[in-house]
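Annotation comment: Swiss-Prot describes T13, R17, T267, G310, G411, N415 as ADP binding site. Residues annotated as sn-glycerol 3-phosphate binding site in Swiss-Prot: T13, R83, E84, Y135, D245. What Swiss-Prot lists as ATP binding site is T13, T14, S15, T267, G310, Q314, G411. Feature annotation from Swiss-Prot assigns glycerol binding site to R83, E84, Y135, D245, Q246; the stated evidence is sequence analysis.
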Amino acid sequence: MTEKYIVALDQGTTSSRAVVMDHDANIVSVSQREFEQIYPKPGWVEHDPMEIWASQSSTLVEVLAKADISSDQIAAIGITNQRETAIVWERETGKPIYNAIVWQCRRTANICEQLKRDGLEDYIRDNTGLVVDPYFSGTKVKWILDHVEGSRERAKRGELLFGTVDTWLIWKMTQGRVHVTDYTNASRTMLFNIHDLDWDDKMLDVLDIPRAMLPQVRKSSEVYGQTNIGGKGGTRIPIAGIAGDQQAALFGQLCVKEGMAKNTYGTGCFMLMNTGEKAVKSENGLLTTIACGPSGEVNYALEGAVFMAGASIQWLRDEMKLISDAFDSEYFATKVKDTNGVYVVPAFTGLGAPYWDPYARGAIFGLTRGVNSNHIIRATLESIAYQTRDVLEAMQADSGIRLHALRVDGGAVANNFLMQFQSDILGTRVERPEVREVTALGAAYLAGLAVGYWQNLDELQEKAVIEREFRPGIETTERNYRYSGWKKAVKRAMAWEEHDK
């Protein structure tokens with residue numbers, strides 16, 4: 001019998017990846033392609049949907065060729081994706097009517113201000129689990145329909161379709177036969193009622209978005225359709241798992257029980273805590289979102305999103321030219337014993353949880369004559385850990401659960417300095433898994449469970465090997481002293497930009 005594999009497609013903010021996994025959850029082959037970031041105006045971020053598709057489909061062909069695996073050896077494909085990014089395209093031609101508006105894009109801040117003025121904040125929080133912020137898809141879709149001539153009428157006639165990136169990829173992979181999303185992605189649109197598990201008529205009405213353009217919403221682990229892309233001949237492969245990247249990582253870390261949490265250090269930082277079948281309403285600026293239970297069914301989670309994590313290290317490299325490679329940041333940070341009193345607040349696109357201030361801007365505080373580039377590099381790394389503590393404090397207050405260990409993943413977890421400082425500043429154990437590709441793992445697990453490739457999560461439990469554990473190495477007084485300096489710095493970076501700009 002030929003060995004069968006699972007493929008995870010991981011469509012991220014800066015690159016598209018394909019990962020092949022075997023039955024023991026080992027990574028057999030990986031392929032990755034970066035694509036262009038488009039910045040039409042300050043604070044605006046776009047992608048070309050056709051380039052997203054081209055990069056993702058080519059990685060799929062490439063990853064199979066690399067491993068010398070034929071398409072009939074693929075048991076299923078799972079998809080995980082950058083969330084909230086909004087795409088609108090023509091049903092007939094499959095052609096986008098505008099670029100994808102990316103989750104980081106702040107262009108809809110004025111639409112969000114109007115929603116607040118109209119007194120909708122409580123309704124939105126209670127029903128969608130979200131805060132009013134340009135981050136989510138709903139206001140992005142409204143912006144496209146407002147600015148592309150004739151598009152709203154066409155959407156009403158059923159000629160246009162909306163989707164997050166998962167929906168767009170599946171539409172392309174099935175040649176326009178399947179228009180679908182899953183609960184985790186739908187819960188990020190600000191258009192979805194997370195309690196009724198259906199699109200919210202009031203939100204569609206408020207944002208003037210025709211229901212006809214929305215995808216069908218399904219659970220995260222089931223067969224949605226078939227694709228024969230990248231295959232020799234006509235082998236049809238089931239597409240059987242979908243989850244937004246952060247929910248996929250939560251599942252890949254096997255945080256499927258109430259009170260388990262993970263933090264992903266990518267472009268941004270995303271901490272999620274599974275709250276089981278209970279949708280916990282946050283009083284502390286966190287999001288209530290949908291996650292996956294043990295067999296991909298609906299569970300709820302609390303989430304805190306930090307917009308700038310790895311992106312702030314890229315800023316040190318690309319704009320400030322203080323390092324030539326992101327990996328060098330650890331070396332330079334450890335050349336000094338502390339930050340010499342410096343705090344970097346990387347609020348380049350405003351602040352996420354728990355502050356939610358789109359008008360905050362980046363700042364460096366505490367500069368004195370003795371500060372050198374190493375101090376600034378170290379302070380930038382430390383800012384990632386401080387922002388994570390901001391989120392964890394809010395999470396513990398909302399859930400009433402004291403976290404005993406934080407599971408971590410994402411590119412920046414290779415940085416031992418950052419992981420140790422993270423443990424120091426949280427006063428909590430930090431667990432780094434052996435397999436770092438947990439987002440892809442999550443998508444693969446969801447797809448594999450749907451087609452019976454794996455029977456249940458117990459089979460996967462032993463795959464969750466912790467490679468290294470970091471334990472707090474500083475005293476509580478020192479920890480709190482440093483953290484209070486951070487809070488002071490954040491306060492001063494807030495509300496920098498004028499509201500009416």
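Every residue, even glycine, has its Cβ placed from backbone N, Cα and C.
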Glycerol site shell beyond R83, E84, Y135, D245, Q246, criterion: Cβ within 8 Å of Cβ centroid: Q82, T85, W103, R188, G244, F270, A305
DSSP-derived structure type at G310 (ADP binding site), helix or strand or else coil: helix
Distance in Å spanning the most remote Cα pair of T13, R83, E84, Y135, D245, given for sn-glycerol 3-phosphate: 15
Binding-site residues (R17, R83), the one with most neighbouring Cβ atoms at 10 Å: R83
Cα-proximity to T267 (ADP binding site), 10 Å cut-off, over binding-site residues T14, S15, R83, D245, Q246, Q314: T14, Q314
Proximal but sequence-remote residues of the same chain as Y135 (sn-glycerol 3-phosphate binding site) (Cβ under 8 Å, at least 6 apart): E84, W103, Q104, A305, G352
Other C-beta atoms that fall within 10 angstroms of the C-beta of N415 (ADP binding site): 21
Rounded distance in angstrom between the Cα atoms of T13 (ADP binding site) and R83 (sn-glycerol 3-phosphate binding site): 9
Minimum Cα separation from Q314 (ATP binding site), reported as the residue among binding-site residues R17, R83, D245, Q246, G411 that achieves it: G411
Fewest Cβ neighbours within 10 Å, where candidates are the binding-site residues T13, Q246, T267, Q314: Q314
